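A.B. asks: First, the structure itself, so that you have it in front of you.
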Amino acid sequence: MAAASTTKISWRLQEFEAHSRTVSCLSLGKSSGRLLATGGEDCRVNIWAVSKANCVMSLTGHKNPVECVQFSVSEEQVAAGSQSGSIRVWDLEAAKLLRTLMGHKANITGLGFHPFGNFLASSSMDTNIKLWDVRRKGYVFRYKGHTEAVRNLAFSPDGKWLASASDDCTVKLWDLFQGKTITEFKSHSAAVNVVQFHPNEYLLASGSSDRCIKLWDLEKFTMVGSLEGDTSAVRCLLFSPDGSCLYSGASDSLRVFGWEPDRCFDVVPVGWGKVSDLAVCNQQLIGVSHQLSSVSSYVVDLKRVKKSGGAVIQGIIQDNKPLTDPAEPKGAALRRNYDRPTTTCSSNRMKRSDTDRRSPDGERRSQSEDEAEDKQSSAEIHNAEDYREIFQPKHAISRTPPRISEPFPAPPEDESVLAIGRQLTDMMLPSPDKQQALPLATSTPVQRVEPTVVSCAKRPNAMPCNPAPSSQPAPPTQVIPIKSQQQLRVIPSSRNEPLGLNVADFLPSAANHRGGALSDDSALSQIKKGHDTMCVMLSSRHRNLQTVRSVWAREDVKSALDAAVSMNDLSITVDVLNIVNLQPSLWKLDLCTTVLPQIDKLLQSKYESYMQTGSTSLKLIMKHFWTLISETLKASPAVGVDITREERHQKCRECCRHLENLSNVVKNRARQVGRHGNAFKELQLLMAPLDEVL
């Protein structure tokens with residue numbers, strides 16, 4: 001077993017139902033790597049121990065879906081922001097609400113605890129960043145400068161700077177004590193999703209939807225590296241503890257980057273889908289992702305990952321010994337290191353005025369209202385044993401040394417591969433009692449009629465695969481198939497696992513092939529049977545895309561998009577727009593007149609990926625063309641005949657008419673609760689200037 005486990009580089013640790021409704025956010029405790037907080041549309045914040053499916057604590061009090069959660073550096077506190085703009089901070093050790101912070105006017109998008117002081121930074125879709133002292137009500141300072149939603153925040157290791165990432169494609173660096181912008185980085189061509197400070201050096205990393213990672217020197221304020229290679233938007237970044245490399249959580253893979261010179265050390269396939277957060281613990285990297293109401297955790301063994309140019313080749317083991325780190329020092333400092341203070345920050349070191357601290361926004365509610373709402377907040381402890389083990393008071397004297405956490409053990413074999421192997425073997429056996437193949441772990445689950453179990457109920461700590469039915473089938477009255485596809489109003493853009501697939505549906509029954517195993521050609525021909533329609537559709541789509549590509553090469557992007565629209569196939573339009581959205585320089589006013597009618601169809605589609613593409617295109621049009629459209633329509637009539645101006649005026653009128661229709665669609669969809677309603681609320685804020693013209 002031990003020898004088998006050493007061959008594992010990455011594996012899924014756990015999968016569990018985290019909330020009764022869709023999970024909207026999650027965060028790992030970076031100090032231990034063993035603590036997980038999740039927030040959901042059920043307005044709850046749940047605390048978990050990584051690798052256990054038992055909810056340790058459930059925090060209630062929010063009246064709107066929770067959009068952002070974050071642990072403090074010591075993991076003694078957790079903060080959560082909601083769609084309404086309110087923030088709640090809980091003391092996990094005392095299991096009580098510590099503070100309710102009000103002041104933002106839109107969804108909370110990012111939170112960050114100061115590394116030393118009692119300060120919390122928050123960002124919102126209202127484009128503002130606020131610094132709070134959790135010991136007081138009202139914010140300490142407000143930082144204004146971004147023109148679109150701020151997505152992520154990070155404090156520098158010395159606690160003097162704050163970095164912010166925004167949808168306006170910029171990264172800003174703020175001086176906390178002076179309350180002003182130090183510099184602004186503008187090299188990204190799409191929304192910036194995440195920022196991360198180097199643990200020691202004056203270096204900042206930023207990841208964007210343009211699939212690039214930029215590295216910035218914080219002494220010279222210049223870009224020192226541009227790392228490309230991610231196949232999707234960069235969602236999370238993490239420097240290694242020694243600062244020698246940078247981990248990037250890409251879709252279904254982990255990428256390990258170095259800089260100066262820019263290079264990719266390693267790519268590790270991990271089936272975590274769209275990973276949302278990363279942490280390092282015991283030379284293991286922990287990654288967590290969420291899909292609908294479930295959360296999955298994954299482990300990557302960093303001892304088997306290439307982290308420098310001189311590291312051993314991945315997958316080679318000599319003498320069955322663990323790999324050792326190279327003797328030479330990693331990440332030799334090329335620039336200044338942070339000067340960490342020897343004492344904690346105090347509030348009087350921060351430059352602020354009484355008007356900043358006690359602002360109208362921060363004190364817009366009465367004290368009685370705050371107290372009434374605080375009383376409704378609670379911390380429900382579901383597992384007292386785990387709670388005492390994790391959150392026992394730090395000041396309590398213990399006569400036994402603290403238990404050192406062990407690395408998560410790797411599974412000896414890949415369970416999914418074994419399951420498929422067992423299915424194929426059983427299907428080929430001549431025995432008549434083996435004609436019913438076991439369903440795959442990814443097949444439609446079967447649920448037995450039992451009392452309703454809440455989301456935080458205890459579940460086994462085994463591998464999170466769906467239970468296989470026993471060889472003796474249960475009576476039909478006791479089994480209820482779950483058809484999750486019919487319950488979804490919006491089809492997700494990606495899933496960690498395919499829905500409703502069974503290998504028995506693609507291969508012949510065992511009764512027809514008792515003579516032996518199928519050959520490769522026979523198996524392929526059997527798999528293709530019954531899928532002629534899908535093959536024809538994919539072939540047609542491929543031909544149409546080739547036609548659009550040839551038109552683009554022969555003429556221009558406008559003609560190519562017109563050709564795609566004329567094919568009356570929305571999937572072709574989406575494929576072309578996904579390319580055009582990544583290159584804002586291709587956009588012209590002519591292109592807007594073609595794209596806007598298609599955006600109406602995309603925003604009302606049942607496919608999440610279509611909605612995302614339409615939202616991105618609409619954001620680009622509002623950002624780059626709304627000023628031109630509004631100024632053209634407001635301009636006084638010209639004297640004489642100006643054909644060019646008349647054509648431009650006509651195009652602007654047409655665009656404005658389509659935008660008016662889209663504004664109504666966005667307002668209607670913004671009333672929805674959850675992730676999709678949140679996206680449409682963001683579009684509604686972006687299209688607010690449209691109401692002034694109309």
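Note that Cβ sites are derived from N, Cα and C of the backbone, with glycine treated the same way.
For 16-58, 59-100, 101-142, 143-184, 185-226, the entry in TrEMBL reads repeat 'WD'. What TrEMBL lists as region 'Disordered' is 321-414. The compositional bias 'Basic and acidic residues' annotation in TrEMBL covers 351-392. Marked as domain 'Katanin p80 subunit C-terminal' by TrEMBL: 529-687.
Situate these features within the shown structure.
C.D. replies: In the repeat 'WD' (16-58), the DSSP tally of helix, strand and coil residues is 0 helix, 23 strand, 20 coil.
Under 8 Å from some Cβ of the repeat 'WD' (59-100) lie the Cβ atoms of residues 24-32, 35, 37-47, 106-113, 115, 120, 122, 124, 126, 132, 134-135, 137, 370, 373-374, 376-381, 387, 391-394, 673-674, 678, 681, all in the same chain and six or more residues away from its ends.
Outside the repeat 'WD' (143-184), and at least 6 residues removed from its termini, the chain residues within Cβ reach (under 8 Å) are 109-117, 121-125, 127-131, 190-197, 199-200, 204, 206, 208, 214, 216, 218, 221, 338-341, 345, 349-352, 356, 619, 623, 682, 685-686.
Here the repeat 'WD' (185-226) has Cβ contacts under 8 Å with residues 148, 151-157, 161, 163-173, 232-239, 241-243, 246, 248, 257, 259-260, 262, 331, 333-338, 582-584 of the same chain, all six or more residues outside its ends.
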